[in-house]
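J.: Got these off TrEMBL a minute ago, pasting:
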COMPBIAS  1-16  compositional bias 'Polar residues'
COMPBIAS  17-29  compositional bias 'Basic and acidic residues'
COMPBIAS  30-48  compositional bias 'Polar residues'
COMPBIAS  485-502  compositional bias 'Basic and acidic residues'
COMPBIAS  518-530  compositional bias 'Basic and acidic residues'
COMPBIAS  548-557  compositional bias 'Basic and acidic residues'
DOMAIN    82-463  domain 'Major facilitator superfamily (MFS) profile'
REGION    1-53  region 'Disordered'
REGION    482-590  region 'Disordered'
TRANSMEM  81-102  transmembrane segment
TRANSMEM  122-140  transmembrane segment
TRANSMEM  152-185  transmembrane segment
TRANSMEM  205-226  transmembrane segment
TRANSMEM  238-258  transmembrane segment
TRANSMEM  287-313  transmembrane segment
TRANSMEM  325-347  transmembrane segment
TRANSMEM  353-372  transmembrane segment
Amino acid sequence: MTTAMPSPSLANGGTENDSKSADHEKTANDDQNLSSDTSEAGEQTTKSDPNKTKPRWRRIYDIIYWTPERLRWNPDSPPKFSMGLNILFGFAGAFTVANLYYNHPILNILAHDFGVPYVKVSNIPTLAQAGYAAGLLFLCPLGDMFERRPFVLTLVFFTATMSIGLALTSSLSAFCAIQFITGVTTVTPQLMLPLVGDLAPPNRRAAAMSIVVSGLMLGILLARLLSGIMTQYVSWRYVYWLSVALQYLIFVGLWLLMPDYPATNKGGMNYFKMLWSILVMLTKHPVLVQACLISFFTSATFTNFWTVLTFLLSGKPYYYDPVTIGLFALVGIASMICGPFYARIVIDRFVPWFSVMLGMGWCLLGISIGTYTGTFTVAGPIVQAFVNDFGMQTAQIANRSAIFAVEPRGRNRVNTAFMVATFLGQLVGTSVGAHLYAKGVWIASGSYSMGSIGMALLITLSRGPWEEGWLGWHGGLSIYKKSKTSGDGKTEEQRSDLRRMGTNEVVPTLGRQGGEVDVEKGVPLEGHADKHPHHHGRDNAAEVNATDAEKSLEMRAAENQYGLAAAAAAPSTNESRHQKGPVAPQDPQA
């Protein structure tokens, strides 16, 4: 008879259920070990890559504000201001400020698409300009408190993202609100200009700034030109999609190339006191007030001309179509291109006052020709478009070169005061010019521009090139710079403390004995003893080290006890400063 063999588990005294339980327990232990291994691996992954545990918004934030190593601030090797970076700033300025002017030639199209009368869409450019004014006054001064790289990148990224709404919205109210907000944040060029003043050498500052200023002026003209031509053939929404693409392109370019630069006033300034300090500057620096007044009157001629030019060319005797009128912007663009070359050859070589006078002369010539010949020949407006814009641009560059020398640590606030005056002049020129054209046509508005330039000339002549006060011609009439390595030409301009870190450059500050002192190191300049006699004590290291410690303490105690009496009994003559024999130092910490 055949007998069935028991299973191993039963043979060992167990049951089949016990066998299944053991298998289940083994499987559970394996799963637990696997989970433990996975957890340990996860912890190792988290330690090796902490970014995976961060929220998505935080990772985006870190990417936006991450600075490539080659662009990080290094006091031993300050950033160099290259021509490529200068051109990038000019490009960024052009297509950032253009956001304010895309709407100018297409207001009638916007009124048609939104289904509203012209009077309602006329508020769009007003809101854009009002937003820009608010940004100038309340955001630009922050450039003296914040680091410029993250501040500028934030504004550009925000403006680009908000501009998407301009291309998508079907509501006029939403369009107006977004246009105002983007106007506030479209002030990045005015943060770049003071940074150019910090980065560029003083003797090349005018040429460097002229590239950025040319970009600003080109942006105003190119915005009107591109917007008018594109709307002629495609939808106006493509204009704003182009704006979005250009803004993100600017963001990428600045992220890749814009160097990091420390804040010039770290943690030492209250925001409201900083705004108040702008008014204080206007009471301290006559050259700043003079530059602001000149810019106010010259800017009025610029907007006056380009506002009423459309009325002139669209009516008798020309009857030009919108595309032809838009092409007149090319004349202004040509004058802007010439600006950097002129600044390098003329403005950087002479005192700013002389370049301002030349600029006023160019403006006066262009306005007089355009005003009194424009009604019967198109050559008049062409000459005015080129010469007037060229004169205004060169005068502004020269004035900026002068005012950036007065407050090296407050250049953003100085630029704010200057730009607010410029902006107010533009508003006055637009408003007054349009009203005068309605009453007296082309010659009336042009005569107003002649009067504005006359006022600017009087203000320029009220202070000579070397005058330090509010009025007068003290210091002579020379137009050549006394120091070719300075922006204003008066005295050699030292770089800011930030740029001098890690360099051999020193600031000629007078010490207690009248000698020059390096303010960073706090020591007298080497070689200055040749200028006048000094009697310096010298430390003998061997004698100092050989001094008995207890005797040194006794000497210090005696000094504290009798120091005041000895000081009172000491002679006050000059010979006492150079007395023979050792003198115990006064040490309040003894």
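FYI, residue positions are counted from 1 along the chain as it appears here.
Backbone N, Cα and C atoms are what each Cβ position is placed from, and that goes for glycine too.
Keep in mind the model is a prediction, meaning the values are calculated, not measured.
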J.: For the transmembrane segment (81-102) and the transmembrane segment (287-313), check the count of CB pairs under 8 Å (sequence separation 6 or more) and say whether it reaches 3 or more.
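T.: Counting Cβ pairs under 8 Å (6 or more apart in sequence), the transmembrane segment (81-102) does not reach the transmembrane segment (287-313), since there are fewer than 3.
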J.: Can the transmembrane segment (353-372) be said to touch the transmembrane segment (122-140) if we require at least 3 CB pairs below 8 Å and skip pairs under 6 apart in sequence?
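T.: Counting Cβ pairs under 8 Å (6 or more apart in sequence), the transmembrane segment (353-372) does not reach the transmembrane segment (122-140), since there are fewer than 3.
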J.: Counting only CB pairs under 8 A, let me know which of 152-185, 238-258, 287-313, 325-347 has the most with the transmembrane segment (122-140).
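T.: Answer is 152-185, with the largest number of Cβ pairs below 8 Å.
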J.: Tell me, what is the mean pLDDT of the domain 'Major facilitator superfamily (MFS) profile' (82-463)?
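T.: Mean model confidence (pLDDT) across the domain 'Major facilitator superfamily (MFS) profile' (82-463) is 86.
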J.: Given a Cβ distance threshold of under 8 angstroms, which distant residues of the chain, six or more beyond its ends, lie next to the transmembrane segment (325-347)?
T.: 105, 204, 206-207, 209-211, 213-214, 217-218, 221-222, 224-225, 228-229, 306, 309-310, 313-314, 355, 358, 381-382, 385-387, 389-390, 393-394, 397-398, 401
